[in-house]
Amino acid sequence: MVTSDCRMNEWHQTFEQNALVPPHPQRARQPLKESAAFQCLLKSLDGPLRKQGVLEVLSEVGCHLRVSLFDVTYRHFFGRTWKTSVRLAEKLSGQPPKMVFNEPLYFHTSLNHPNIVAVVEVVTEGRKRDGTLQTLSCGFGILRVFSCKPESPTSASQDKRLKLYYGTPRALLHPLLLDPIEQSKHMTVIENCSLQYSLRPYLLLEPAFHLFPENLLVSGLQHIPGLLPALGEMGDALRKPRFQKSVTCYLDDVFFTLYPSLEKFEEELLELLISDHLREGGSLLDSGTLEILERRLHVGVHNGLGFVERPQVVVLVPEMEVALTRSASFCRRLGSSSKTSSGDQALVLRSRLRLPEMVQHPSFAIIFQLEYVFNSSSGVDSNAASVTSLTNLACMYMVRWAVWNPVPEAGSGRVILPLQGGTQCNPSHCLVYKVPSASMSSEEVKQVESGTVQFQYSVNSEGQLDIPTGHIVSPKVDQRPSRKPPTSPSSPQTPPPQGLAVPQDSSVGPGLSLSQLVASPLTCSAKPSAQRPQDCEPSLAQEQELPLEGRISHLEADLSQTPSVLGPSVAELLQELPFTPLHAPIIMGAQTRGSGKKPSRASMVLLQASGFPEILDANKQPVEAVSPTDPVKFNPQKEESDGLQSNEIVLQFLAFSRVSQDSPGTPWPKTIYFTFQFYRFPPATTPRLQLVQLDRTGGTSSGSLSHVLVPIGKDGSCDAGAPGFQLKYMVDPGFLRPGEPRWFTRYLAMQTLQIDVWDGDSLLLIGSAAVQMKHLLRQGRPAVQVSHELEVVATEYEQDAMVVSGDVTRFGSIKPIGVHTVVKGHLHLTLANVAVKNVVQAQKLADVDGELAAMLFSPLPQSRARPWGVGSEGEVVRRRKLERMRSVRLQEAGREHGSRRPSTLAQQGIHAQHARDLQVIAAYRERMKAESISSALSLAITTQHTLYASLGMAEFFEFALRNPHNMQHTVTIEIDNPELSIILDSQEWRYFKDSANLHTPVEEDMFHMQGNLAPQLYLRPWETAHIPFKYQSFSVGQLAGTQATAELRPEKDTESGSPLKSSTMPTKHAKVVFRAAGKPLAVLCLTVAPQPHVVDQIFRFYHPELTFLKKAIRLPPWHTLPGAPVGKLGEDPPVHVRCSDPNVICETQNVGPGEPRDVFLKVASGPSPETKDFFVSIYADRWLATPVQIWQVYVHSLQRVDVSCVTGQSTRLSLVLRGTQAVRKVRAFTSHPQELTTDPKGTFVLPPLGVQDLHMTVRPRRAGSRFLNLHLVDVDFHQLVASWLVCLSCRLPFISKAFEIRLIAGSGKGANKRITYTNPYPSQRTFHLHSDHPHLLHFREDSFQVGGGETYTIGLRFEPGRNTGEEEILIYINDHEDKNEEAFCVKVIYQ
């Protein structure tokens, strides 16, 4: 046995001194990139940095630099801080102090990202009077590693200057410092101070990557184990790395002994794992369901900085199993009765380990790591277990590790090492299983009670070993899973090549475990046989080259790189079966089915009497009113020939009425507001409007209105002015772009304006209404108005897990599964289109001529400051007197000549300045002459064209390209915009030509394509060819800044909407260059003016934050869509979808004829309260030319609260409220106040930065899974403070009794009934009564008391029904805690 304690201490010292802080965990999840090497030379520090007032009391003052890596994105320092040697300031005469370092710094990293920077800190140090060392940070700089372009490593790097900032690098952790940090207002630059450095990629460092890990900053003067020192006393070892000679180390007869025995150790390990699993809230496990799948050994060479090569992974087996395997080798089969006995005391490696990367250095050591793999059994019978059951890996744990440093003098020997464990740091940087308590043990016992590893080693500097004359054949053991793992499958193998060793007992090491064979994509058949084909066994050299990634990478080893060794593939791809995922389909149009109708005469009487302002035309006459039920004949030519092209669109919100079915106790909002978007104006949000109830006497019809809208004043009271709210949009030729009037009329004719109605107090969505705008087409009339009564519909979505079926609606289509629509009210709205006469006014000349305006508004010299005119004579006399006084004073002072000289010098200076200006102008003209001539020549071959494109619409055009030369050319077409493309398919070209009614010829195989290169075209002399282009954009981009700041105000506060307040879409550009022989033949400059697109449907989903929203939206029948193509009988057109957000998965599947089509969406919701919106375009043609439908989808992310409850009884829980920076008066609002209540109920104060509980009580009325919304609103500023999505999962209680009653529908008469209830308790109790239909059933008493065992009669009042049918009403009898005691069901039949 050989000991090497001194060498082991040196490895431990190197390992502990070079501990690294890992990068942020989010960086580890990103795809790995190739590591890049860099050399940074810190040359000198210029400028006074030392703070004299602080350092005056210090002696031996010096300065050094510290460099650390920093992740700006996650505000995370990582790696290890590197320091230079201390330097003294060198103060030159007449120059600022300078400190010269000239120290090179090397590192390599795979985090190739602009936000990975190096932070350089300047630190001054000195000694106090008592001799202690004090350091002081004097500033820091930020070195952008990946911001500059990589340079050639052989070229001389350029010196750069690094700005220094006040403070310490710890300031970078402050959340106010956002990227780019250098431009932050909190960063102050130190004037006249900088660090001179050079940074360049360093390819010569790549061969040394294996000797030090990533993100470790090292110096060329630092000793790296495995590298030879540089030549010379002050040489740089990393400038041209030279490596030490490696030797090959062989390990044989490796076995582990665990304390007190292997069986006891593993039993305790399993018991502790099961205990931890239960403590973490897992399901119940026992020792029979959790089994040890494998015992693995990781062996690798470590130089104190990191593993030189990835550790080899081999499988250990109990000693008894090895003995059984050897005895069974003669019968070539292992019986199923071979079990592991209780006498196993060691884990044995049956193969030899070869470590060719060993170096004879005190810091080089061999690391042993023992790992256990556990499997949670699924309860399958052990006799029926198969290989696939072994792939269910539950977890892996490192249980022991050891380190050994070979002695170079000894060539071979036997080694016994103590195993280590517990919380001490280890090379894998992971938690290791605990070690036994050694407080009462002696030093000798401590060495062995954690376990030992023993092995025989031999070192060969030649890297070769004698080859045995034969090889050993071992049959494969049974693959029956048990608490003891199966052994590695072994089989006969071919003799290895010359110079390689054959394992002594089993398969070559490191061998593949059974789990590897199961997980590998290309493995041989795993049938339990004694023989396998020879081509299925990889050789030693080939097996060592398998790519292994990480500590458990052998499970994912890609064996496909050695197909010649492994033979043909036997793991074929699985064939996909026809399967359609079950999503709850939502019928397109169900959300805004609002059937706009003509207001009743009774409603018109009330509106007329309420005093709403009347809409007048340009002649101050009442506007002609049309009925929303009248058909509209749209004539585009008539609209275009109208002389009055200025349109003032008026929207007048009048009243909001509740539906007649609502009971008086149903909550009704006090204030509301509206949101919508008209054309390409900014999204409009109206102010809060008060709902004022009308005073009415007598009965009212179902169609009459109940509340009118009144603006709210600044003090919160109702405005004394006219009721209603009015918005105006001015759409005139100055606002519309060329060609846009046709789009606007098409928008009015085909678009439906969707209006969302919100509660002004709770900020909850009440519902949505949709109104068609086709009646706003004037068709030559001076003005037109139309009044609507719109249904405001609320949509509720159930959770997809509860969806099972749907039913048929009145429209004849399938009702959306899991979607419920409820009419919340009726909105009374008036739309008008008033023609405005264009008034031409004369403009001032200064407004037209810019040069004249500059002359008029530029400051004049003093001599011309006052204009000529009245009073000019008195001004001349005054100046003459002042000149005389000045000359007298100058003569008295004797400085007349001296005073004139500066005046002459000033004039000479002015002339010299003018001469320099003329020289600069001449030089500029000379320099720009060539560019101007080239621009003029390029302009001659440039064609300008403007396209008016909208979202998803394919714009087709042809460009006539002419060859002006008398020789043929091969023209290369270069396009700089990916949204502009050339049509290569002749069928697609012919389709677009037919749509555009073009009659130019179509050519087959017109362009030559080669890979990803630009297309090429052959042109004969003087030939003209028509090049087909298609422009199509699926992204909406960001609107200009005017959209975010534009605001629409009431009519009395502002003028009509102007073009300046419209949301101007940014103009795009595309350039096409036609090159022949490298020179431009023609240039096409395309200007794309995006036009607004028609939104056919708006979907709004409320979904839990940080989850995936998966929805299926069902398309309506094709014959109901406007503009849809007409296919053959029984044939549906193809369906294609595109999404404006590339991060949203949007797709549709081909189905059989006559089957409904669904569009599937998968959206990742963000953090609460983020809102994500995008557009979905649907096409019914093969070439995606024109979308037949465009949807806008909103996904609101809310905090999720899951509640499992029973209908009719209360479930209570609490939410944590966290205060903001200021005191807030808040109130909680719910979307279903009759089912969800909060405590405190009213307004309460939320203290700043405090924590407060909000108690929530849920009493659902119907079973199923659905969503409720909970908002916390600031009542002073009407701002949303917090929001939650309450996910209910409700079940019905046990029904103990059932009753039936018959009533006459429409008679207006109800019924009084009685039922009895007996108290089952021996004492007096109080019970409370509830119903799931409070508008149909009333109780005589809401609560009652009854003695023990007594019977009480409950009085019921059934309200009359309006329609025939059946209704089941549940009666809940609850105790004092609102828990359900009993539930009755009453079936009411309305006849």
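Each residue, glycine too, has its Cβ placed from N, Cα and C.
TrEMBL labels come from automatic prediction, so no person has curated them.
Annotation source TrEMBL lists compositional bias 'Pro residues' at 484-498.
For 602-834, the entry in TrEMBL reads domain 'NPHP4 C2-like'.
Taken from TrEMBL, the feature domain 'NPHP4 SK-like' applies to 873-940. Applying DSSP to the domain 'NPHP4 SK-like' (873-940) sorts its residues as follows: 66 helix, 0 strand, 2 coil.
What TrEMBL lists as domain 'NPHP4 Ig-like' is 943-1092 (among others). Each residue of the domain 'NPHP4 Ig-like' (943-1092) gets a DSSP state, and the totals for helix, strand and coil are 19 helix, 60 strand, 71 coil.
Annotation source TrEMBL lists domain 'NPHP4 Ig-like' at 1099-1196 (among others). Helix, strand and coil content of the domain 'NPHP4 Ig-like' (1099-1196), in residues and according to DSSP, is 3 helix, 47 strand, 48 coil.
Averaged over the domain 'NPHP4 Ig-like' (1207-1291), the predicted model has a pLDDT of 87. Look at TrEMBL and you will find 1207-1291 (among others) tagged as domain 'NPHP4 Ig-like'.
Helix, strand and coil counts under DSSP for the domain 'NPHP4 Ig-like' (1296-1391) come to 0 helix, 59 strand, 37 coil. What TrEMBL lists as domain 'NPHP4 Ig-like' is 1296-1391 (among others).
Positions annotated as region 'Disordered' by TrEMBL: 466-513 (among others).
Among the features that TrEMBL reports, region 'Disordered' is placed at 890-909 (among others).
Sequence annotations record features per position, and here TrEMBL assigns region 'Disordered' to 1042-1064 (among others).
Between the domain 'NPHP4 C2-like' (602-834) and the listed ranges 873-940, 943-1092, 1296-1391, the one holding the most Cβ pairs under 8 Å is 943-1092.
Among 1099-1196, 1207-1291, 1296-1391, 1099-1196 has the largest number of CB pairs under 8 A with the domain 'NPHP4 Ig-like' (943-1092). DSSP places the residues of the domain 'NPHP4 Ig-like' (1207-1291) in helix, strand and coil in these numbers: 0 helix, 54 strand, 31 coil.
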